[in-house]
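Listed in Swiss-Prot:
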| type | residues | note |
| --- | --- | --- |
| BINDING | Asp53, Ser54, Asp92, Lys122 | 3-methyl-2-oxobutanoate binding site |
| BINDING | Asp53, Asp92, Glu124 | Mg(2+) binding site |
| ACT_SITE | Glu191 | active site, proton acceptor |
Amino acid sequence: MSAQSKSPTKARRITAPDIRARKGGEPLVCLTAYDAPMARILDPHCDLLLVGDSVGMVVHGLDSTVGVTLDMMILHGQAVMRGARQALVAVDMPFGSYEQSPEQAFANAARVMAETGCQAIKIESGTYAADTIRFMAARSIPVIGHIGLRPQAALADGGFRAKGRTQAERQRVIDEALATAEAGAFAIVIEGVAEDLAREITETVDVPTIGIGASAACDGQILVTQDMLGVFDWTPKFVKRYDNMAERTDAAVAQFASDVRDRSFPSQREVYTMKRSDG
């Protein structure tokens with residue numbers, strides 16, 4: 001049995017009520033995860049792991065999140081649940097899986113939770129989504145909202161840009177936050193807004209806010225793990241790079257290629273030998 005396949009000691013799983021109870025307390029630590037090995041590494045350090053629809057761009061090479069399917073989210077949700085033992089795991093509802101009606105949203109969210117075993121789902125929550133959140137929350141689906149810059153709506157909203165910079169836009173984001181919290185979401189992701197707006201929302205709503213490009217005024221922070229680790233050449237303004245994984249991986253692969261070509265790999269340390277005869 002490999003070291004990777006050994007089951008870690010079972011820890012108590014963080015729940016939606018646990019996250020909600022952290023309002024105003026120690027900041028929530030959240031990252032994205034798309035597979036079991038990375039989830040296993042992140043799990044001891046995180047309160048929440050999000051299987052984001054960003055998987056479409058980060059893992060599958062899509063240009064946006066719009067092409068992500070429910071089956072893709074379920075597949076990656078299952079993988080993350082195999083690696084995470086302690087953090088709450090939330091799965092994004094992809095574009096087109098919840099907008100038609102509350103009934104459609106509930107049916108698809110129930111399928112995600114049943115087939116992955118995750119503890120919550122997340123939807124992008126304009127004010128139009130309040131009835132959907134309320135419908136799901138009343139039927140025991142823990143929901144995280146997502147306001148401000150909403151990637152699934154980027155094509156309609158004019159691209160990936162910060163929100164709330166005009167008075168009208170600012171009020172729209174506040175209205176989204178109030179509607180999302182009132183409808184029953186247990187936490188709200190705020191993306192791409194100025195610090196003063198994030199602070200106002202955080203001080204107004206009674207559920208934790210989780211910022212991504214929304215300053216330290218929020219109740220917690222989330223980043224795309226690959227952005228934080230330096231996997232890509234381009235880094236968003238709001239990301240702090242904690243590593244340069246692309247550069248280190250490139251160097252490691254270059255060394256492997258060199259070792260193969262000069263036949264220094266495999267060496268005798270990496271080669272099986274026949275057992276000596278007992279006779």
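Cβ from N, Cα, C; glycine included.
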Please determine which of the binding-site residues listed here (Asp53, Asp92, Glu124) has the lowest count of neighbouring CB atoms within 10 Å.
Glu124
Whose Cβ lies within 8 Å of the mean position of the Cβ atoms of Asp53, Asp92, Glu124, the Mg(2+) site, other than those residues?
Gly52, Ser54, Thr65, Val68, Met93, Pro94, Phe95, Lys122, Ile123, His146, Pro151, Gln152
Other than its own, how many Cβ atoms are within 10 Å of the Cβ belonging to Lys122 (3-methyl-2-oxobutanoate binding site)?
25
If you run the three-state DSSP split on Ser54 (3-methyl-2-oxobutanoate binding site), which class comes out?
coil
